[in-house]
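Trainee: My structure is below; once you've seen it, I'll send some questions.
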């Protein structure tokens, strides 16, 4: 067979292919096909759960490796070591061998252990360091208290003996009064607790202590000037050193408990200043030891991570591909005895040659004598819809696909939309200046395409970047329509000789026509800033919208003819397209004709008042056969022609309504009369059914999964479990009739409402023009009123304001709204005329897609 | 008026352009896109130009304004 070239006009021609792959090279074959990315593998094991599939073990193993790689990545983030970018590799990720994958898995396992142990020791050391630092602070601060308190035991004693002392304290004190003379706390039976507590808890801590001990304590605290870093989460916190004196073992124990529950860390401090000095010295030396160990550990860890960072991106890509490969392999059916994998996939017919050569390559490399067999299967199943897109067409195809998946081999609305979508936009956005801004934005994005594609963009900008070629077309057409509207930043462009000459008339100025001269391109600039320009431009833009709408809808309706010719359904031509077209043309085609006709007649020269077209259309339906009273006819015989057109339109309605259903019924009855029956009407043919609920398999190979041909006698295996999606609808006349009634009503009403809907072209272009005029008048026009140096300063400021507002409001906001309206005109007004759209999207197994969906940084 | 022939002359040019675009589009897998885009652009741009031209061919109203300072000078400048 000689497949025709695939174009964007119709989706690519697809074939269902069957692959018989030797088990040994299954992985290599699939990864080779993944690089190609043109095969949409069907799931042949849809009845088995994910856990029962053949390659679940491998996928789990790869999941684990992936997790380890992610762990490395997070560790690198923590240590702020950058990963070598994916783009720095010379794209050498082509399918690694199985042993390489094994090595990688082992390696990442080892590395994970190593990193983990390094991390653990680092964290323990860090914790130790923090403890030591805190202890040092406690020693230092508490030492201060002690030194101060040492000379004052007498006073303390006194105060304890005071009569004001609380009752209980007094009672407790009784037994100890005699020993108080000694100059030591321990002898006074005063114990103390020292430690460190987060600063924000200090108030609560004090309050709780005060309440539970009823004031029987002496607390001293001081702030640690530098923040303490928690090694577990790297958070800084400021802490206070406290030391609490109290007497009685129970009270001390109580204080200990309270402080521990408040999250304080307690440290032992010796009372003796000599000992304390030793302690401090010891702590200091331990700290410095620790710091050097820490530095070593950290540098080892960093070195380890840096080494990993060089290859991490490549590993991630490799593992992702490997996982995708196994997930695809899981879709294959698997013959244990014969060691053959059987796969079914949709592939573009044009790519079959490429697929075959890839398979041969893989076979050669593996040095296998058994070739991989590619079979094409004839099937009744609907093939998936696939359009090969490029940078330019991708965005246009996406906006059409957003509405619905195009039916297989149907006319692709995206192809004309490349022009009509930006053009409709430009009709609403007609301003050459704003068009230039759009165009330069698009050109900048296209110029820096590669760089922008690689950098991380935020959501909004990446959306704009995605549509850069749409914006390019929008910009070009906006400049064109802006020139036609004679608007550049709301100012006129006097490029040709005007057809009007000003002269004094009454209290103002009127224009007289230069005889025989019509402004050659676009609107005459002398309409700008006149008192009646809206009168003229409204009439012009309204008619422009109707005419463009008529063109666009007729154009779209024609595609339904192309579709029904392609799908060989002549009844759709005679039952839908022809009556629909006649209906549409006899009303709105006629309206368009009269608009152009009225323009082409020189009514002033004739000395006749031109008839109103709006009234004409109304009278055409209200009283067919007669014209509005007291109004000149547009042309002789107008009344008769209008009556005929209305009758023609009315006649088309029953044709539209009945022809197709009755034809289908006739056809069905004829087929039944000849003895044909629909499949499934009486008995089901089992091959198309789900396999497991069948009786014994046709060829007796009862492995419960597939019905395999048992040898090489050329008998194709039937692995198509096509029966799942396929239902042979029974003929139901009522349903078809209802469907057609809906279609008829919808079509006739839509002709009216859609034509009216195109008036949005007028409304939006009017709004856009008025808004830019208002913006100019409010800013720049006022700024021109000043002169001299203040005038210059004001001008600069106002100019920036005007320009920012132009970009933000007129280009971005207005542009978005015009784009949405243009989108609607395509989705609703145009596509409803021909779009069938019950296709299945083509989802090829492709590493490229896989990596795009889940990018590696 | 000879002016009235302008849309037809324009049509001839656009048709010639479309024929040229059809046959001179770069060969290869993007030929369809080239052809469709060029032809459709030319057609839609022509339609809009022709509509604008026709709308002014026999205008029913003429511009009017009150604030013109010096119509003679205005006529000379523009």
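For all residues, glycine too, the Cβ spot is worked out from N, Cα and C.
Any TrEMBL annotation is an automated prediction that lacks curation.
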Trainee: Select from A:397-422, A:423-448, A:501-526, A:605-630 the stretch of residues annotated by TrEMBL as transmembrane segment.
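Mentor: Within the set A:397-422, A:423-448, A:501-526, A:605-630, TrEMBL attaches transmembrane segment to A:423-448.
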Trainee: According to TrEMBL, which of these ranges is transmembrane segment: A:469-490, A:667-688, A:689-710, A:711-732?
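Mentor: The listed stretch tagged transmembrane segment in TrEMBL is A:469-490.
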Trainee: Are there 3 or more C-beta pairs under 8 Å linking the transmembrane segment (A:574-597) with the transmembrane segment (A:634-659), counting only pairs at least 6 apart in sequence?
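Mentor: Counting Cβ pairs under 8 Å (6 or more apart in sequence), the transmembrane segment (A:634-659) reaches the transmembrane segment (A:574-597), since there are 3 or more.
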Trainee: What parts of the chain pack near the transmembrane segment (A:788-813), using Cβ distances under 8 Å and only residues at least 6 beyond its ends?
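Mentor: Distal contacts: 431, 433-434, 437-438, 489, 768, 771-772, 775-776, 779-780, 782.
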Trainee: Quick test of the contact rule: Cβ under 8 Å, at least six residues beyond the ends. What residues does that give for the transmembrane segment (A:423-448)?
Mentor: 464-465, 468-469, 471-472, 474-485, 487-490, 493, 544-545, 548, 552, 760-761, 764-765, 768-769, 772, 806-807, 810-811, 814-815, 818-819, 821-822, 825-826
Trainee: Note the mean pLDDT of the coiled coil (A:101-128), expressed as a whole number.
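Mentor: Summing pLDDT over the coiled coil (A:101-128) and dividing by its length gives 88.
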